[in-house]
């Protein structure tokens, strides 16, 4: 009886039973997808802002709020959720891959005595996992950018993808399979910048707040440090993000691409639209970052609790 009770509370060897890695990866992807449902409108507004005024044209939107109200007026409530299927697939591929790579590398680099990797090594692991996940998620990213951009174009110029799978099939058939990875370099670069900026700015912000004497090491301090970290991360990654967005949305003109590479995008944006146009869409990008992270962890915790209650207890 005692042995049975011990096995029920934990494993046969008395150790606590934990979720399999495959379940953890699955839950990570599902949690990211759940959060995306809530922040998709912010992603759409950010993408529209980054494409507004492209090529020295008159800006379609003055502010992020103007963009949101214009989209609602012209395309309705469903319009702000355009590209949701692509956003969900991006999370399913990017988040799951990133989590899987991070876990594998973390375990490989953990010492034989159980000593975890140091801060710098964890940063390298995080950036490597982020870049790999971004590469795998690039096809969904291309579909997302094009689907969210469609509504701003005249009807005869729209691509008219029905959903993310229709987009991927048509892109492959009409432009070649390599087009699915168009902009993968800036996409991977953004992931590296985001991971590096988040790690460095969060720890520094937290230490600064604690040293000020006004904060203790509690949830308020963590929240404020997260907000500062989000601000730094957004500022650092937006120029790379606008390069990614424009490359993935560009068309071929007389057989030639609108942009040669990410640097060409940055030079043209600064030349024709002004230096600060590199940060177009800053508000929705920053507003998306915090809620998406918080919601992802909330969903992840709830799924883990439910799994333990249903399959690991008793």
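Just so you know, glycine gets a Cβ as well, placed from its N, Cα and C.
Fair warning: this is a prediction, and the values are worked out from it, not measured in the lab.
Marked as N-acetylalanine by Swiss-Prot on the basis of experimental evidence: 2.
According to Swiss-Prot, the phosphoserine annotation covers 6.
According to DSSP, residue 57 (N6-succinyllysine) is assigned to coil rather than to any helix or strand. According to Swiss-Prot, the feature N6-succinyllysine maps to 57.
Taken from Swiss-Prot, the feature N6-acetyllysine covers 73 (among others), and the record attributes it to a large-scale study or a structure entry. Under 8 Å, Cβ to Cβ, and six or more positions away along its own chain, residue 73 (N6-acetyllysine) finds no residue.
The annotation phosphotyrosine is assigned in Swiss-Prot to 102 on the grounds of similarity to another entry. All protein chains shown were included, and the count of other CB atoms within 10 Å of the CB of residue 102 (phosphotyrosine) stands at 20.
Residue 256 (N6-acetyllysine) carries a strand DSSP state (E or B). All chains included, 8 other C-beta atoms sit within 10 angstroms of the C-beta of residue 256 (N6-acetyllysine). As annotated by Swiss-Prot, N6-acetyllysine applies to 256 (among others).
Per-class residue totals from DSSP over the repeat 'Solcar 1' (23-108), listed helix then strand then coil: 73 helix, 0 strand, 13 coil. Look at Swiss-Prot and you will find 23-108 tagged as repeat 'Solcar 1'.
The repeat 'Solcar 2' annotation in Swiss-Prot covers 117-208.
What Swiss-Prot lists as transmembrane segment is 24-42 (among others). Here the transmembrane segment (24-42) has long-range neighbours at 68, 80-81, 83-84, 87-88, 90-96, 99-100, 103, 284-285, 287-288, 291-293, 295-297, 299-300, 303-304, 307, meaning same-chain residues at least 6 beyond its ends whose C-beta is under 8 angstroms from one of its own.
Per Swiss-Prot, transmembrane segment is recorded for 83-101 (among others), and the stated evidence type is sequence analysis. With a cut-off of 8 Å between Cβ atoms, the residues of this chain six or more beyond the transmembrane segment (83-101) that come close are 21, 24-26, 28-29, 31-33, 35-37, 40, 43-44, 128-130, 132-134, 136-137, 139-141, 143-144, 147-148, 163-165, 167, 191, 296.
Among the features that Swiss-Prot reports, transmembrane segment is placed at 119-140 (among others). Within its own chain, the transmembrane segment (119-140) is flanked in space by residues 86-87, 89-90, 92-99, 101-102, 105-106, 109, 164, 168, 171, 180-184, 187-188, 190-192, 194-196, 199-200, 203, which lie at least six positions past its ends and keep a Cβ under 8 Å from the stretch.
Per Swiss-Prot, transmembrane segment is recorded for 183-202 (among others), and the stated evidence type is sequence analysis. Packing against the transmembrane segment (183-202) from elsewhere in the chain are residues 98, 119, 122-123, 126-127, 129-131, 133-135, 137-138, 141-142, 225-226, 228-229, 232-233, 236-237, 240-241, 243-244, 247-248, 261-262: each is 6 or more residues past its ends and has a CB under 8 Å from a CB in it.
For 222-240 (among others), the entry in Swiss-Prot reads transmembrane segment, with the evidence type sequence analysis. Cβ atoms under 8 Å from those of the transmembrane segment (222-240) belong to residues 186, 189-190, 193-194, 197-198, 201-202, 205-206, 209, 215, 262, 266, 278-282, 285-286, 289-290, 293 of the same chain, restricted to positions at least 6 beyond its ends.
The list of residues near the transmembrane segment (281-300) in space but at least 6 beyond its ends in sequence, with Cβ under 8 angstroms from a Cβ of it, reads 27-28, 30-32, 34-36, 38-39, 42-43, 45-50, 63-64, 95, 226-227, 230-231, 233-235, 238, 241-242. The transmembrane segment annotation in Swiss-Prot covers 281-300 (among others).
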